[in-house]
Amino acid sequence: MDKHRRDDSPSGLSDIVERDGLLGTGITSRHIEAFGRKVTSTAGHLMGPSGDPSTSTHYQNAMVDIHRELRRPSTQRKVFALAQTTPTDLVRSKLSTSEIQSRAISSLPDELLLNIPDDTSSYSLFEGFQATQNDHEYRKAHRRGRSKGKKLLKDKDGEQADPPSTLTELKKERDLLSRRMELMGVRKNMCSSEIVDIDNKIANFHRMRQIVLDRLAGLEMEEAELEHEVNEIDNKLDDMAEEEAAQAAQAAAAAAAATTAGSETHEEPASEDPAMDASFMSESIYQKLPSPRSLKHRSIRKRSMPVLHEHFAPGSEIKEFQAHTDVVTALDLDYPFGTMITAALDDTVRVWDLNIGRCTGFLEGHNASVRCLQIEDNVVATGSMDATVKLWDLSRARTTHRDNRVNKDEDDDAVSVAYSTSLEDCHVYSLDAHVGEVTALHFKGNTLVSGSADKTLRHWDLVKGRCVQTLDVLWAAAQASSLGNESQWRPSGRLPDASADFVGAVQCFDAALACGTADGMVRLWDLRSGQVHRSLVGHTGPVSCLQFDDVHLVTGSLDRSIRIWDLRMGSIYDAYGYDKPVTSMMFDTKRIVAAAGENVVKVYDKADGHHWDCGAGVGADETGPDPAIVERVRLKDGFLIEGRRDGIVAAWTC
């Protein structure tokens, strides 16, 4: 059995020892075994019991000589040097360099043999190397040789040219072509292998990208919660500072009143009326007293803007939720994954946290549905069918932390927050000068402009909370017609749609105001003079939406068109149309999005002029029932939100 194991050794060392000897010395295993038997018998003979005294004396004398020899310094140095020598040095001392190289190439250890990968390729490594070589020289020589044989059909004497190639040459040519075909097959297999390898790498990269995206989403959620807590602390600090200032002002006023009353005690008795006592206060002290209800523009600046939506493909859905039970009439957001305000015909105004997709509260106070709204930092303005405009300060919201975190896994929503918000104290004041429903509004800084069905525009001062001036649209149109700037109230000769809002859209910036009305006109006002500075004629239907920047003004109308105006020239820069009326529109630096009576959002790329659709209706024919028609859209930094007729609100990347 042992012999069989030695002969069948996978490394083949026994065969090598039998053939080449031990360490290349020519001594085989049989010689070693014979030498061992001789040493054993000799030692047994010398050390065993024997009756010959000369033999034992001879052995003792030999041991004494060996001991004396080992005590010499030269012998000890040799023994110590041999003890420090490694087995590798011993092998190198016995084998030459060429023999070592030959053994390293011809014999491999078992560890390396086990690590050899399985050969699943149809071609060898050498064939792959040959296939990668450039055969340009072969093609060049091959074409030259064939062209020489076919250059002339006859010689100069008119005789036949050289006869065709011999059979040997044709066979050689065929072998060469066959070899080239084999190389082509090897190259095809190599290309296929590279494609498979690239596909695997792409799949791995996609998995890695998804993992990093999930990590980024978690970081942004944690960042939003931390920033929410920081804003709460900042608001508390501001409130405490205001309370301290108010207490100091009241103390100063009380001290001044006491001093005044003490100095006049000998002249007349103190009045029993508190109002009479207050009359002795200094007017400067009154001016220092804070207003019980004032609008605080606390600019909520993001320390780092969300970037998760920028890493999704355009048209990807981010969130979708049932926001209302009826048609969405207005919506707006402050920044991507921030705060969103929605209003619908169900007479509710809701505040949403887009980071978690949950409603954080209601803005209650209107007696009818809200038709228009806007959020800027922490301030929200809402215009309703009850002819009022209300201002809300979201920084006054009270946040209560929930300590009960039991049964968190039973919640259907995987994302939850540890706080709930009460918006009861967010209302600042109401602006109620209109006599018709408010259909459009816009504010910037401390200036707010509202448009109503009473055919007027009102300019409001948000610091004082009162109307500064009223702009009569009909009077301005009549004045422009009398001066010849406008041909008539309706230049197209068409009656406006009865369901269309008289004031469809407004936007203000500093002293500039743009207003779109039901006659299809876009008027540019100067708020300092209250006069129309310029009128843009082009739409044949009521203007439903508009927005302008430093150079262009974009308008959408129920005449199914969107027009881009050049504010410097006062002329049309570009225009395009859709199949149905445009009800809502907004643009950013890259795209213009619009709701045009379909179940998708219409997107227009400014750079290349490409039109494409975004929304749930893109694949509705394949997935199931058609979604509802989109009524309102808003766009901020590539983050798109859209509200539908069935009350669903969805967020998309754009």
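Each residue, glycine too, has its Cβ placed from N, Cα and C.
Pulled from Swiss-Prot, these are the features on record:
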{"type": "COMPBIAS", "residues": "139-151", "note": "compositional bias 'Basic residues'"}
{"type": "COILED", "residues": "209-247", "note": "coiled coil"}
{"type": "COMPBIAS", "residues": "249-261", "note": "compositional bias 'Low complexity'"}
{"type": "REPEAT", "residues": "323-364", "note": "repeat 'WD 1'"}
{"type": "REPEAT", "residues": "365-402", "note": "repeat 'WD 2'"}
{"type": "REPEAT", "residues": "433-472", "note": "repeat 'WD 3'"}
{"type": "REPEAT", "residues": "538-575", "note": "repeat 'WD 5'"}
{"type": "REPEAT", "residues": "577-614", "note": "repeat 'WD 6'"}
Residue counts (helix, strand, coil, in that order) that DSSP gives for the repeat 'WD 6' (577-614): 0 helix, 19 strand, 19 coil
Number of helical, extended and coil residues in the compositional bias 'Low complexity' (249-261), per DSSP: 13 helix, 0 strand, 0 coil
The repeat 'WD 2' (365-402) versus listed stretches 433-472, 538-575, 577-614: most Cβ pairs under 8 Å: 433-472
Tertiary contacts of the repeat 'WD 5' (538-575), as residues 6+ beyond its ends and Cβ separation under 8 Å: 492, 494, 496-497, 500-501, 504-507, 509, 514, 516-522, 581-587, 592, 594, 596, 604
DSSP residue counts for the repeat 'WD 3' (433-472), split into helix, strand and coil: 0 helix, 26 strand, 14 coil
Beyond the flanks of the repeat 'WD 6' (577-614) by at least 6 residues, Cβ under 8 Å: 314-315, 541, 544-547, 554-562, 620, 626-638, 640, 642, 644, 652, 654
